[in-house]
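Reading through the structure tokens given below for one structure.
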There are 2 protein chains.
Amino acid sequence: MAMGQIIKGKPVADKIKEELIKEVEELKARGINPKLTIVRVGARGDDLAYERGALKRCDSIGILTEVKELPEDITQEEYISEIKKINEDPATHGILCFRPLPKQLDEEVIKYVIAPEKDIDCFSPVNAAKVMEGDKSGFSPCTPTAVVEILKHYGVDLTGKKVVVLGRSMVVGKPAAMLLLNENATVTICHSKTKDLDLVTREADVLVAAVGRAKMVKENFIKDGAVVIDVGINVDENGNLCGDVDTDVVKDKVSMITPVPGGVGSVTTSILAKHVIKACKMQNNA
Amino acid sequence: MAMGQIIKGKPVADKIKEELIKEVEELKARGINPKLTIVRVGARGDDLAYERGALKRCDSIGILTEVKELPEDITQEEYISEIKKINEDPATHGILCFRPLPKQLDEEVIKYVIAPEKDIDCFSPVNAAKVMEGDKSGFSPCTPTAVVEILKHYGVDLTGKKVVVLGRSMVVGKPAAMLLLNENATVTICHSKTKDLDLVTREADVLVAAVGRAKMVKENFIKDGAVVIDVGINVDENGNLCGDVDTDVVKDKVSMITPVPGGVGSVTTSILAKHVIKACKMQNNA
């Protein structure tokens, strides 16, 4: 069989960026300056890495940014008071709270505090419910939204297709399933308790792997000609970044596959930026 | 093959009732009287039928009930003000709002008004999000919850099983998928756009039919020995009640199947009563 096409995130991100630059210009011409505020507690490595990417992306599009770095030992009351201040600040249109939060902060309480209309990465239950309802007035989480954007960009028609989502987290698996269902796919959600997992995933026209286990998806998991979206970001035995899919062994079997790095991860900050602008427009009736 | 077992809702409802009677006795011994308030606009036939069943069930368990019948031409402001009054009334623990609401009432606004802790049939987005998250502190919608209760009652182990949900409504299909996922099933959601629907449903160890089309599920949709839960309530060409499944033609192929009437529909008001008591206990820290 012909080798599968490696479908990169960059062209998708570039196209979104182009569209957003125009939208920002139009907003600025009306005196509106879209702004993202990132709320970070402490200085965890992966938060900092994502933050750098997000700031760079926003900057290149013309979105203002601010980072609230809060002390690692911040109390729940102080954290909530910070979020409320940003909720009420008309200059900020989108808020990204890095999670998981440290132990003393109760996410189950805090998620109700962030203003749903500024909650651009689906922390608030109001936005989670909208994802489930297929209500596009809300904000879906950036990573599963990036999955759908990539599929659309590369012309993968989802209507009636068998899509298998491997993983059932609230960050990726479940919202991805709901977003793909909304695109009229027939969606199956698999997980650690699924029996004969390889037989189930082998039915997939489109396989979305989001389990966080390095290279666990092997050749026998894949139907000939399937499209594979690899959401995992793991470190392999040699210390290199890798996905949930063993790309080397499946690449001759698939029709398209996203790489890791350079796949889904390169699109998430573009979705973040897109959501900031959507929030900004909604808040300004623009 | 042996004829499939018809699994009725009544034994499930009876068992729940028994448990709830004990719980109500314990609450009453502490001076706590669980109460359901039903909010009905106008007098639609299906609302009245469900109401009769709900009142009878609550009465038999010892739950107090009240029906607020509101005029068909009620304004949004008046409706919201009624809901707020009940939200704040400490004597009511559970609120059931009949839906769909008449045109002049905007459900998308009103669903945010009902107090999530009294919202026993998952009208509020807070409870929808909890269903998606698998957070059991909320209230799942009564019908899909009845589906899971029936399966558990009849000893159907869901872990790792292939469950196919036919239908993707917010009332049944999507929440059923989330609840079944939470029981560790491998869940597939099918709908009108699914290709080769019969081939997909024929993979199911457990098939949940919730599309609202009379007898559309035929023999070729069913795997030998499957368990079938029929959520549909339709009227056939002779004016008789029937489900989404053509029971006569599939009954020799399935291992178990719920009847219509007498299946899922007989359990929903028991779930409603269960949720009233759960709400009452939470509101009283009991």
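Placement of Cβ uses the backbone N, Cα and C atoms for every residue, glycine included.
Curation does not apply to TrEMBL; its annotations are automatic.
As given in TrEMBL:
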type	residues	note
DOMAIN	B:7-121	domain 'Tetrahydrofolate dehydrogenase/cyclohydrolase catalytic'
DOMAIN	B:141-283	domain 'Tetrahydrofolate dehydrogenase/cyclohydrolase NAD(P)-binding'
BINDING	B:Gly167, B:Arg168, B:Ser169, B:Ile233	NADP(+) binding site
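In the shown protein chains, 25 other C-beta atoms lie within 10 A of the C-beta of B:Arg168 (NADP(+) binding site). Per-class residue totals from DSSP over the domain 'Tetrahydrofolate dehydrogenase/cyclohydrolase catalytic' (B:7-121), listed helix then strand then coil: 57 helix, 19 strand, 39 coil. Listed binding-site residues (B:Gly167, B:Arg168, B:Ser169, B:Ile233) with a CB under 8 Å from any chain A CB: B:Arg168.
Per the record's binding annotation for NADP(+), residues B:Gly167, B:Arg168, B:Ser169, B:Ile233 show a top Cα-Cα distance of 16 Å. Here the domain 'Tetrahydrofolate dehydrogenase/cyclohydrolase NAD(P)-binding' (B:141-283) returns a mean pLDDT of 97 for the predicted model. Secondary structure from DSSP puts B:Ser169 (NADP(+) binding site) in coil. The helix, strand and coil residue counts that DSSP assigns across the domain 'Tetrahydrofolate dehydrogenase/cyclohydrolase NAD(P)-binding' (B:141-283) are 53 helix, 26 strand, 64 coil. Within the same chain, residues at least six positions away from B:Ser169 (NADP(+) binding site) with a Cβ under 8 Å of its Cβ are B:Ala210. Counting every protein chain shown, the number of other Cβ atoms lying within 10 Å of the Cβ of B:Ile233 (NADP(+) binding site) is 18. Long-range Cβ contacts of B:Gly167 (NADP(+) binding site) within its own chain (separation 6+, distance under 8 Å): B:Gly173, B:Cys190, B:His191, B:Val208, B:Ala209, B:Ala210, B:Val211, B:Gly212, B:Val231.
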